[in-house]
């Protein structure tokens, strides 16, 4: 049964806040039966989830009682036995907390549906709200400019009045190569945008369209447009290879002036502001005579003596520059490798932003991150189905999903203080009510835009703390969304059947783990800040939202149970020491229920959301791998940083695809290759689990009584199955993606040392 959320309109004009007047949100539509714009429904399994939570929680209490009983009521005389019991108790406490916090997502999940086809009955084309699009890039060699160009072109080609769209490209690498790529993209866009409109093309990223339609004789001008794209691509890649803009590619004096801003003193970390208006919607038209979107290149001022706050700092510069130049009330933040896959996406978000019942405290609408190019079984679990989709529906049933950095439409007003406590801007041009009346290429507008993009502009202001995207964490998206919801804002999760955006995924294990490690450090920065998710969050948002955010903020502590359960039972097994109940004891069935219950419910959620058994298994494997690598290393690194021993920095995940790596990824083969310390704990665990499993298996076949080791054997055997790619990378492969020899040698020595140490202790 759907819960309908209807845009109700009387015979009078709709009354909107003054901040929206003159910006296209006035409808003036009269109807006795207003069209349905959106609706929502609870998931059918919600009642089951609540009932199961009560039963499972009771089982957890019984397990913790057993631990307390063994530790304090019937303590052992052996210090070693006490220590093992204590470590397992700590592990189970962490598992219990992470399970309990995850239940917040299962209490009231909902699914939404929009009806953008009804929108034009309410809002005329000329009254559509303005949209500013923010695209961030930082390195032309790790994030190829052609990828960024394709993303921008797909967004410029939205089924939306082009004169209402402004594309802002933040180049934090300050590269003339990126600017050149967009100058060429603007020329191609004059042909590409009308081509998309005329033929109603869905894949509006040129690269994706031409890859999926290599030969399309039925569409006129297909070959001509494709040839123009290939010519643009060849020029851009030639310039990237040369490392400089070639003189013969510069066609006019205006381009010369733009490229001449890169002087000898210009460096990545020390350079003045560069703002280049590449397309101006007031005068630039495509070949059909229709106005084009604004296209504006921004490289903020950088100085080695001023903090730049990574991506959050770049977004805040775009927020201020766009306020001065266009000040659209809706903002889309987009990763440089996440292209538009549905040209009607802006119409979907207007189904919510146009609803008077929602808009008073609606801060943002988040779309799930979805990916193209995943191999068949998603061996690295890069889809993050639970993070980006399943749990987001659970968030949505509370106060709305968290912000995940890309595919998110903000109300500009939401980034400038709470719903009832706006933060007054330093200058009136940055306020959400400001109406830009001068051309964006006027000297006054450009001068002010350069001023607000300066590296010292934020000094003695509330940017990054009270307004804008928030500073203090490497995961600025998570932190910003969390702070906005603490201020009283709400959000919505929009997940249409056709993916609104599609992006690239890392295709090597090292890139996957490095990316996750960066996230984990940022999450810890939120968890242990003065705005911590447990105390401050529960006071500001309530217990369930606090638990939901805490589940992610404390994500890295998964390393505690994963590490302990990957080594302690196995080392005890090697020494014929049982640490779990025997199969004849009643407690044995409690362990079995807890294991099957947790995995069974997770499997059910995954499969009901369209996942396959193989993908689910790989997601469980990657959970273990992350626990022994990025979760563990990020926890250690954050701890060391907290006591002043080490620092960390921001690093990009490479978007450059190696042909051999891509081939192995397509075949479902794990890519190690890099001699990284991240692989050492995983390899040690693989070796110890294999030998302990084989040893006890041999003894059981020889008639030795191993009844008391049954649970340890099951646990060890499951880890051995998860480690099959590691064994293959160590001994069965000769390609460049095999496990580096030095990692194998180091891991073998560590494994032997752990075995002898455990033998002495046990």
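Note that Cβ sites are derived from N, Cα and C of the backbone, with glycine treated the same way.
TrEMBL assigns the feature transmembrane segment to residues 588-611, out of the candidate ranges 588-611, 612-635, 636-659. Annotated range for transmembrane segment in TrEMBL, selecting from 47-67, 110-130, 131-151: 47-67. In this structure, of the binding-site residues 142, 311, the smallest number of CB atoms within 10 A of the CB marks 142.
Residue 172 (active site) has a Cβ environment of 23 other Cβ atoms inside 10 Å. No contact links the transmembrane segment (588-611) to the transmembrane segment (739-757), because fewer than 3 Cβ pairs that are 6 or more residues apart lie under 8 A.
Only residues 6 or more beyond the boundaries of the transmembrane segment (709-727), in the same chain, are considered here, and those with a CB under 8 A from a CB of the stretch are 379, 565-566, 569-570, 572-573, 576, 578-583, 588, 591, 620-621, 624-625, 669-670, 682-683, 685-686, 689-690, 692-693, 696-697, 739. Comparing residue 335 (Mn(2+) binding site) with residue 143 (UDP-alpha-D-glucose binding site), their Cα atoms are 10 Å apart once rounded. Sequence-distant contacts of the transmembrane segment (549-568), counting only residues of its own chain at least 6 positions beyond either end whose CB sits under 8 Å from a CB of the stretch, comprise 84, 87-88, 90-92, 94-95, 97-98, 101-102, 104-105, 387, 391, 402, 478, 482, 519-520, 523-524, 526-527, 532-534, 537, 541, 579, 623-624, 626-628, 631-632, 634-635, 638, 681, 685, 688-689, 715, 719, 754. Cβ neighbour count for residue 143 (UDP-alpha-D-glucose binding site): 24 (other Cβ atoms within 10 Å of its Cβ, all protein chains included). Here residue 172 (active site) is positioned 17 angstrom away from residue 477 (active site), judged by their C-alpha atoms. Using CA atoms as reference points, the recorded positions 142, 143, 172 were checked against residue 311 (Mn(2+) binding site), and the closest is 172. Residue density at residue 335 (Mn(2+) binding site): 24 other Cβ atoms are found within 10 A of its Cβ, drawing on all protein chains shown.
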